[in-house]
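Peer 1: Look at Swiss-Prot and you will find 159, 190, 349 tagged as active site, charge relay system, backed by sequence analysis. Taken from Swiss-Prot, the feature domain 'Inhibitor I9' applies to 35-116, supported by sequence analysis. Under the heading domain 'Peptidase S8', Swiss-Prot lists 127-403, citing sequence analysis as support. Sequence annotations record features per position, and here Swiss-Prot assigns N-linked glycosylation site to 233, 251, 399. The annotation signal peptide is assigned in Swiss-Prot to 1-19 on the grounds of sequence analysis.
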């Protein structure tokens with residue numbers, strides 16, 4: 001074989017190994033300095049992944065020693081979600097450059113801060129959402145539902161935590177994990193409110209479902225993508241260990257700027273056997289934002305939910321677009337709050353748990369799989385939403401009560 005042919009084959013082999021990419025978003029807002037999410041290629045074995053993490057840790061420590069730095073940082077979270085593998089942590093740019101050179105790495109993404117998708121809170125006021133989703137026509141305050149009410153389904157509230165001792169949960173709620181830091185409690189109230197809509201005895205839809213608190217956002221309602229992916233990772237592993245895959249739902253009433261890693265992790269969790277309802281997000285009414293520009297609302301296979309008003313219109317704050325699968329009540333929703341209390345909130349945060357709750361109820365009553373739930377809800381949904389937004393469905397959530 002000629003030297004020219006050998007050289008050609010050599011360089012062809014080199015080019016066949018695609019270099020890892022550092023995803024650098026044009027919008028730099030909410031980026032956490034020196035914090036990264038590293039995602040492996042799909043063909044990397046678990047054993048090779050473990051070896052890679054040991055190598056990356058050694059590189060990190062060597063760079064610190066070379067710089068004479070006393071900083072710690074390094075690897076923080078490890079992700080294994082239905083074959084999707086990655087990790088996150090605080091690393092110097094020199095370490096990230098070495099990681100990008102590794103053939104097992106698919107891409108590296110800067111970590112970002114994340115926020116809730118609720119807007120306003122007003123304590124102790126009446127609600128309307130339950131009556132609306134159980135009747136074809138507006139204006140009925142009675143909630144009509146199948147008595148199985150989510151029995152046998154496990155709900156994962158990926159949020160600010162849940163007041164697991166709230167009387168409306170009747171002992172069905174347990175604490176799961178905390179990736180946000182702080183106390184193992186809901187110091188904000190958002191997570192308890194969304195959980196109450198999903199599975200509260202008085203304020204909820206799937207009144208017999210189990211609840212698991214997955215705290216990924218702080219008392220101030222903020223967090224990081226890396227911690228949210230870890231919450232998803234923990235939930236999948238918990239569901240697998242407790243034989244709940246295929247019989248589980250998750251609500252994600254949170255959002256932030258577009259993230260490839262968050263979208264992939266959320267999609268893998270859905271495909272692993274958890275039905276996931278995601279808030280479409282809220283923006284200033286003058287912005288008119290497309291949910292395709294946010295995560296995890298733009299993730300594949302999940303059920304993205306926009307917010308409707310009491311008059312069956314699109315809420316002025318609600319994101320819209322082709323990613324939206326369905327609308328659900330999202331203004332002035334009363335539900336549980338910490339300390340055995342109740343309160344009123346508005347936002348796509350309040351719409352998504354209606355879908356998670358009906359999803360749990362439909363899974364229990366019809367025996368369908370998580371992958372079938374969203375299409376089923378769209379199938380039975382009501383064509384009621386006025387001004388839904390350009391290229392957006394006009395379907396409103398309905399629990400198929402027959403009323």
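Every residue, even glycine, has its Cβ placed from backbone N, Cα and C.
Note that the structure is a prediction, hence the values are computed from the model and not measured.
Mind running through what each feature is packed against?
Peer 2: All protein chains included, residue 159 (active site, charge relay system) registers 30 other Cβ atoms within 10 Å of its own Cβ.
DSSP assigns residue 190 (active site, charge relay system) to a helix. The Cβ of residue 190 (active site, charge relay system) has 26 other Cβ atoms within 10 Å, all protein chains considered.
In three-state terms derived from DSSP, residue 349 (active site, charge relay system) belongs to a helical segment.
Around the Cβ of residue 233 (N-linked glycosylation site), the number of neighbouring Cβ atoms within 10 Å comes to 24.
In sequence order, 155, 156, 157, 158, 159, 194, 195, 198, 276, 277, 352, 353, 356 constitute the residues six or more apart from residue 251 (N-linked glycosylation site) in its chain with CB-CB distances below 8 Å.
The Cβ of residue 399 (N-linked glycosylation site) has 24 neighbouring Cβ atoms from other residues within 10 Å, across all protein chains displayed.
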Peer 1: Please list the DSSP helix, strand and coil residue counts for the domain 'Inhibitor I9' (35-116).
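Peer 2: The composition, in the requested order, is 30 helix, 33 strand, 19 coil.
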Peer 1: Given the recorded positions 233, 349, 399, which one's Cα is the least distant from that of residue 190 (active site, charge relay system)?
Peer 2: 349
Peer 1: Residue 399 (N-linked glycosylation site) to residue 349 (active site, charge relay system): how many Å between their Cα atoms?
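Peer 2: Counting only the Cα atoms, the answer is 19 Å.
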Peer 1: Going by DSSP, is residue 399 (N-linked glycosylation site) part of a helix, a strand, or coil?
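Peer 2: Note: residue 399 (N-linked glycosylation site) is coil by DSSP, not helix or strand.
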